[in-house]
């Protein structure tokens with residue numbers, strides 16, 4: 001029996017402690033509820049803290065959970081963030097069992113909150129699954145921490161002159177919608193270097209590298225007063241891999257293919273014509289497809305200049321063959337005229353012979369019956385005396401020339417234009433590429449962001 005007494009005392013003590021804890025918990029919750037009720041009693045959430053007196057300072061910082069995608073055609077970007085705001089409301093000071101009260105989003109609607117909006121935002125979404133994603137904490141000195149999870153779709157002006165070697169500074173601008181700077185000012189909670197956090201795993205983009213971010217603040221004037229605007233610039237550098245594979249390499253290969261025609265015989269007109277027309281059509285297709293991923297801007301980009309020069313080289317190769325063919329035909333006609341001029345006088349056949357044949361057949365003595373045809377200038381001796389008279393009476397007529405076939409000089413071989421083109425075209429294209437890539441790769445193409453503090 002004595003052995004059971006310690007166990008009984010232990011059980012009684014544990015039950016007593018649990019009862020005390022339950023009483024303390026109930027007292028704590030009742031105390032907090034009473035504190036909140038007292039704070040909200042007579043509280044007007046239509047008035048900002050310090051209304052009619054001091055300026056309300058709202059400290060902000062941003063944590064980016066996901067950055068992207070970035071659209072060049074629409075000139076916009078999307079990101080998910082935790083947007084944090086901190087301010088002090090003297091009306092919410094309290095003394096109680098805890099220094100910080102962690103409350104849910106229902107408390108937000110009962111107190112004053114800043115009317116922050118995103119000036120360059122096209123569409124912003126506050127997440128509500130499974131409940132509104134909002135964090136609310138109240139410190140004993142009246143300081144409030146208010147955090148929201150947002151998806152922001154914001155405008156990003158882009159100057160695409162250096163595309164695709166370009167960089168952009170995409171801004172995110174926010175401030176008060178109704179309160180001028182005489183009533184509300186915004187500041188960076190952790191300073192300009194650490195107030196915006198972008199983890200490396202949150203910025204994996206397909207076409208860009210997020211190389212950093214900068215913050216600034218500025219004051220703008222409008223008809224309703226001066227407002228403080230906070231700005232975050234996200235610096236993006238474009239990746240060139242896609243465009244090297246899809247645009248630049250095919251253009252270079254097409255130009256090289258067009259220059260292969262310089263090594264084809266100039267007599268092969270169909271082959272060289274097919275080369276020229278095919279490469280021109282290929283360049284046209286490439287130039288059209290390259291524009292699909294770009295907005296319809298009114299100026300030429302760096303890629304447009306490259307495609308235009310490649311198109312000029314391809315078209316020049318086709319014009320070069322036209323020139324070769326023209327001068328080849330011109331040379332052939334000239335050689336034909338020279339051959340006709342240099343031809344020797346033809347061997348003549350006298351018409352006297354033809355007349356003589358007829359006379360001899362008619363007037364010859366029937367005794368001899370001369371039927372042999374005379375086909376040369378030298379006549380055989382005819383025993384008839386009348387034949388001699390016929391010869392003496394036959395007039396000598398001018399001869400008719402017999403033109404022998406012309407022997408034209410060969411026009412084959414390599415044209416001098418082709419010989420020069422085999423050297424000039426590759427050298428010129430290589431020089432253009434050298435200058436083009438040196439200029440754009442060594443150029444600072446990142447857009448400059450304004451950093452007015």
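For all residues, glycine too, the Cβ spot is worked out from N, Cα and C.
Positions annotated as signal peptide by Swiss-Prot, on the basis of sequence analysis: 1-19.
Here Swiss-Prot flags 31 (among others) as N-linked glycosylation site. Taking a C-beta cut-off of under 8 Å and a sequence gap of six or more, residue 31 (N-linked glycosylation site) has these contacts in its own chain: 96, 97.
Residue 128 (N-linked glycosylation site) counts 11 other C-beta atoms within 10 Å of its own C-beta, drawing on all protein chains shown. The feature N-linked glycosylation site is assigned by Swiss-Prot to 128 (among others), with sequence analysis given as support.
Annotation source Swiss-Prot lists N-linked glycosylation site at 141 (among others). According to its DSSP assignment, residue 141 (N-linked glycosylation site) is coil. Here the Cβ of residue 141 (N-linked glycosylation site) has 12 other Cβ atoms within 10 Å, regardless of which shown protein chain they belong to.
Within its own chain, the transmembrane segment (244-264) is flanked in space by residues 271-272, 275-276, 279, 282-283, 286, 289-290, 303, 306-307, 310, 313-314, 317-318, 320-321, 418, 421-422, 425-426, 429, 433, which lie at least six positions past its ends and keep a Cβ under 8 Å from the stretch. What Swiss-Prot lists as transmembrane segment is 244-264 (among others), and the listing cites sequence analysis.
Taken from Swiss-Prot, the feature topological domain 'Cytoplasmic' covers 265-270 (among others), and the record attributes it to a curator's inference. Remark: secondary structure over the topological domain 'Cytoplasmic' (265-270) totals 2 helix, 0 strand, 4 coil, with classes taken from DSSP.
Annotated transmembrane segment per Swiss-Prot: 271-290 (among others), in sequence order, evidence recorded as sequence analysis.
Residues or ranges marked as transmembrane segment in Swiss-Prot: 305-325 (among others).
If you look up Swiss-Prot, you'll see 326-422 (among others) marked as topological domain 'Cytoplasmic', on the strength of a curator's inference.
Residues or ranges marked as phosphoserine by Swiss-Prot on the basis of similarity to another entry: 375.
If you look up Swiss-Prot, you'll see 423-443 (among others) marked as transmembrane segment.
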Fill in the CA-CA distance, residue 141 (N-linked glycosylation site) to residue 128 (N-linked glycosylation site), as an integer in Å.
30
